[in-house]
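> So TrEMBL lists the following for this protein:
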DOMAIN    23-288  domain 'NADH:quinone oxidoreductase/Mrp antiporter transmembrane'
DOMAIN    290-343  domain 'NADH dehydrogenase subunit 2 C-terminal'
TRANSMEM  57-76  transmembrane segment
TRANSMEM  96-115  transmembrane segment
TRANSMEM  152-171  transmembrane segment
TRANSMEM  178-196  transmembrane segment
TRANSMEM  202-219  transmembrane segment
TRANSMEM  240-258  transmembrane segment
TRANSMEM  278-298  transmembrane segment
TRANSMEM  322-343  transmembrane segment
Amino acid sequence: MNPHAKLITILSLLAGTTITISSNHWMMAWTGLEINTLAIIPLIAKSHHPRAIEATIKYFLTQSAASALVLFSSMINAWLTGQWDITQLNHPLPCLMLTTAIAIKLGLAPFHFWFPEVLQGSHLTTALLLSTLMKFPPLTLLLMTSKSLNPTLLTTLAITSMMLGGWMGLNQTQTRKILAFSSISHLGWMALVIIYNPKLSLLAFLLYVVMTTAVFLSLNKIKVLKLSTMLISWTKTPTLNAALMLTLLSLAGLPPLTGFSPKWLIIQELTKQEMTPAATIAAMLSLLGLFFYLRLAYHSTITLPPNSSNHMKTWYTRKTPSTLTAILTSLSISLLPLSPVILTMT
């Protein structure tokens, strides 16, 4: 890809995100979302592979429908209330339409079908952007309108996302699809608590971004796209593979790693809000995700498959991971002792 085109694309992504998260007017927020959508499309399609082109078309059609629904809901809200302020979402009809539109943009179940396919057709760095940066503007709109949202609808979407994200990730062999279903499951945790404690939902998203970025950068470093190649990738960078195993277990939410903190705080908040059944279901569904994270972690450790592999063993290289990967991996593993400080902030 041309360096100038790549620079313009990245600047457009940052501009679109900044416009959306800093606006109070529905039209400005919608403009930022559109800039984001148009900026990420060249990055998805840059390889010119048929799968990449297919992923680009799927992403464009889905995001266009969601953007049209956002614009339609904001116009109906302005017609009913007489104002374009994002926080003044008082009527149930535009509230329902907006929740549906944001669920499509985020990839919440049952509107999640486009997300694994788009990630599978993208490069690992583009998949990282789709899983982290592109989720932030729609999530910001949910945070700003959280007081007006329908609790029953959001709880249903959240539990469905956790269930499908865990269940459909069980039989996947492609790492990008596994991380896509991981993203759907984590978004369910954020949506479950966003009405009762928006700051906690934002904290869960930030920790998810740290852990997912560490995983994607590690996979990009060792050039792993499927589980069969991950089995023999430890010969390249044994230390990085061991750190990747811990980061994956942190994504699963195992103590004493960082990923345990947001799930613990979310379950605690749900219990305070007298939503013990929802907290119990969420804790039970996290076991589904734990299974395929353990599967990934097993493949990333210094182990050989029980049967022979058709892939050639690669030589050990002394390429060290980048400083950013090392910092993010350290944060993904060791932030749990700071939970009391985080708790005072939320």
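Each residue, glycine too, has its Cβ placed from N, Cα and C.
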> Which stretch, 96-115, 202-219, 278-298, 322-343, tops the Cβ pairs under 8 Å count with the transmembrane segment (152-171)?
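Between the candidates 96-115, 202-219, 278-298, 322-343, the best contact partner of the transmembrane segment (152-171) is 278-298.
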> Between 0 and 100, where does the mean pLDDT of the domain 'NADH dehydrogenase subunit 2 C-terminal' (290-343) sit?
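On average, pLDDT over the domain 'NADH dehydrogenase subunit 2 C-terminal' (290-343) sits at 70.
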> Mind pulling out the one from 96-115, 178-196, 322-343 with the most Cβ pairs under 8 angstroms to the transmembrane segment (278-298)?
178-196
> I'm a bit unsure how to read this: which one of 57-76, 96-115, 178-196, 322-343 has the highest number of Cβ pairs shorter than 8 Å with the transmembrane segment (202-219)?
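It is 322-343, which has the most Cβ pairs under 8 Å.
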> Against which stretches of its own chain does the transmembrane segment (322-343) lie, if we need a Cβ under 8 Å and a gap of at least six residues from its ends?
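Tertiary neighbours of the transmembrane segment (322-343) are 203, 207, 210-211, 213-214, 217-218, 221, 240, 243-244, 246-247, 250-251, 255-261, 264-265.
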